[in-house]
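As recorded in TrEMBL:
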- Asp322, Asp324, Asp450: Mg(2+) binding site (BINDING)
- 408-423: compositional bias 'Low complexity' (COMPBIAS)
- 424-437: compositional bias 'Basic and acidic residues' (COMPBIAS)
- 18-115: domain 'BRCT' (DOMAIN)
- 401-441: region 'Disordered' (REGION)
Amino acid sequence: MVPLKRRKVVSSQTGTCGTEIKFPQFVLFLLERKMGTSRRSFLSELGRRKGFKVEDKFSETVTHVISESNSAAEVRTWLDTQVRGQTPSVHLLDVSWFTESMQAGHPVQILDRHKLQEQQITEEVVAFSVPSYACQRRTTLENHNMVLTDALSLLAENAELSEEDGRGVAFRRAAAVLKCLPEPVRSMAQLRGLPCLGDHSLRVIKEILETGASSEVESMRESERYKALKVLTGIFGVGAKTADRWIREGIQDLQQLRDSEQTLNRAQQAGLEHYHDLNQLVTKAEADAISEIMERTVISVLPGAQMTLIGGFRRGKQTGHDIDFLITHPEEGREEGLMSKVVSCLEAQGFLLYQKTTRNSYLESSSGPGRPSSNMDRFERCFSIFKLAKEDKRGETLMEDGAKTLNGDPGSHSPSSGQSQASGDRKRASEDGAKDKPSKHKRWRAVRVDLVVSPISQFAFALLGWTGSKLFERELRRWAGHERSMSLSSHALFDSKQGRYLRATSEEEIFAHLGLEFIPPSERNA
Ligand code: UTP
Ligand code: MN
């Protein structure tokens with residue numbers, strides 16, 4: 001007898017063949033898996049002729065599941081994909097019970113040998129257990145299930161690129177559960193009872209465990225649409241919507257985009273121009289080099305100002321797609337106007353190939369945050385493309401004209417496209433040269449850098465909100481809302497029950513307000 005956790009109600013088929021049902025307390029279902037379609041329908045028909053109720057579709061009325069050459073664990077895994085909600089129990093029986101009952105003309109007593117073989121859960125096959133919210137779990141960068149999580153992440157990415165965010169989050173959550181497991185998954189039985197693993201994810205995991213790959217994932221990876229979406233959204237400033245529109249207009253790659261008459265905004269122009277560089281992962285060494293330049297710049301424009309590396313690098317990642325910094329000043333209000341000074345100073349030193357600054361517009365209201373989860377980008381924020389000098393073998397820093405400078409200080413070299421702002425915001429894709437090509441002689445490389453300025457009163461919230469991972473953040477906000485009736489943003493924490501904002505000067509305090517164990521940045525890699 002197996003208690004079923006989830007059960008989907010499927011309308012049941014009863015009274016088949018017009019034969020009288022002699023044993024109404026027995027509702028049988030024959031599993032096609034390994035039995036085969038024709039044998040299954042032959043046996044089902046036989047059962048019905050003998051007065052048994054045999055269902056074609058699985059439903060909550062089924063009392064006995066009959067299978068051939070399956071283990072109990074295999075049948076349970078299958079059952080898990082069929083049922084939702086709570087249900088009493090069901091017998092998992094071998095086909096021998098069925099054939100003996102057919103011979104006897106009535107249901108024979110269920111003996112041990114009729115029951116499906118229980119797979120022994122030994123130390124080798126441990127069933128895993130994890131809490132449901134990613135923010136309750138410790139997820140380091142050590143991932144024992146990379147093959148599975150890569151596959152699920154690809155499905156998530158594809159869903160996001162297709163603007164199916166709900167599906168995207170479902171796959172991200174499933175991948176995150178596998179990321180925090182202490183060892184590689186060996187059998188589906190180990191996954192029983194784990195949260196966030198939906199039917200689709202389980203199907204993909206099962207196929208990979210059995211065959212080493214998922215046919216769905218592999219064919220998606222090779223599909224023209226996925227490849228085109230990937231290339232086009234790889235351009236800084238191009239999102240899923242734009243890429244989709246271009247694909248519908250017949251643009252699949254960069255050359256076709258350049259040959260087209262598409263109008264690009266300033267971000268996209270820079271993105272296309274620096275395509276190659278921006279699609280190379282940023283290393284920790286590069287992050288450190290830029291940190292040093294940033295630190296110096298920030299302090300020079302406002303002594304006492306503080307700068308913190310956030311995003312993936314704060315979580316201990318060794319590479320990233322960009323570098324994120326949070327800037328503040330210990331005296332409230334002193335941070336006002338800081339962003340434009342920092343940006344001007346960077347520009348004057350020739351460090352910026354592109355920048356776009358957005359203004360702060362976050363205001364607390366006494367009635368609580370109106371749209372809590374959309375408060376993510378209300379800080380003064382700068383999206384930029386940094387011009388980072390490459391180091392030669394002697395540790396000296398080189399710029400494109402060959403002039404060598406030490407300690408990463410490129411003097412006052414002007415960036416090639418920094419001035420392009422003046423020439424208007426939009427231009428044709430065809431006007432951009434093939435400048436993204438890697439050049440042996442180029443002495444610098446383009447790196448995406450994001451800057452955020454926060455007043456000290458919101459610093460802890462900004463730090464927590466911008467450290468990521470994205471899923472960890474999403475789960476923190478879901479936890480706050482669903483489990484605590486609070487709303488969390490990168491600015492504040494509002495307690496709806498008390499009708500007030502909860503102050504915090506450290507991440508630890510925010511976790512405490514939320515009733516969560518503190519998870520350090522290195523364990524937020526969900
Ligand atoms: P990133 O997109 O930079 O991700 O956002 P990352 O974790 O650093 O990963 P890589 O290495 O760059 O790929 C960093 C954090 O900033 C928050 C995200 O939630 C994430 O936690 N963020 C990002 C925002 O709050 N708002 C945004 O508009 C973008
Ligand atoms: Mn980042």
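Glycine is no exception: its Cβ is also placed from the backbone N, Cα and C atoms.
Because TrEMBL annotations are produced automatically, they should be read as predictions rather than curated entries.
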(request) Would you count the other CB atoms within 10 A of the CB of Asp324 (Mg(2+) binding site), including those on all shown protein chains? (result) 21
(request) Excluding Asp322, Asp324, Asp450, please set out which residues of the same chain place their CB within 8 Å of the center of the CB atoms of the Mg(2+) site, keeping sequence order. (result) Ile310, Gly311, Gly320, Ile323, Phe325, Phe383, Arg448, Val449, Leu451
(request) Output: those binding-site residues from Asp322, Asp324, Asp450 whose CB lies less than 6 Å from an atom of ligand 2, in sequence order; none if no residue fits. (result) Asp322, Asp324
(request) Among all chains shown, work out which of the binding-site residues Asp322, Asp450 has the most CB atoms within 10 A of its CB. (result) Asp322
(message) Just to be sure I understand, if DSSP states are collapsed into helix, strand and coil, how many residues of the domain 'BRCT' (18-115) fall in each?
(response) 36 helix, 21 strand, 41 coil
